[in-house]
Amino acid sequence: VFQEMRTRECRFINGTEKVRFMRRYIYNRKQYMMFDSDVRMFVGDNPCGETQARCCNGIPEILEDNRAAVDT
């Protein structure tokens, strides 16, 4: 059985003064890639995730949508 999961979470620092948005991509209970609003781009956690992160970072529409998610 193979399982793929995507999670989104917002962490609020100092009430609602600062918001940190994170989108995690998990395959078989291991995170392979994540978007962090503090870094403002995708980051890979293993070689496969690094390849996918490079691909996602090359598409401006995906980055823009994730960066805008912090405001919403």
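Every residue, even glycine, has its Cβ placed from backbone N, Cα and C.
Copied over from TrEMBL, here are the features:
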- 8-72: domain 'MHC class II beta chain N-terminal' (DOMAIN)
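The average pLDDT the prediction assigns to the domain 'MHC class II beta chain N-terminal' (8-72) is 92. Sorting the domain 'MHC class II beta chain N-terminal' (8-72) by DSSP state (H, G, I as helix; E, B as strand; all else coil) yields 20 helix, 27 strand, 18 coil.
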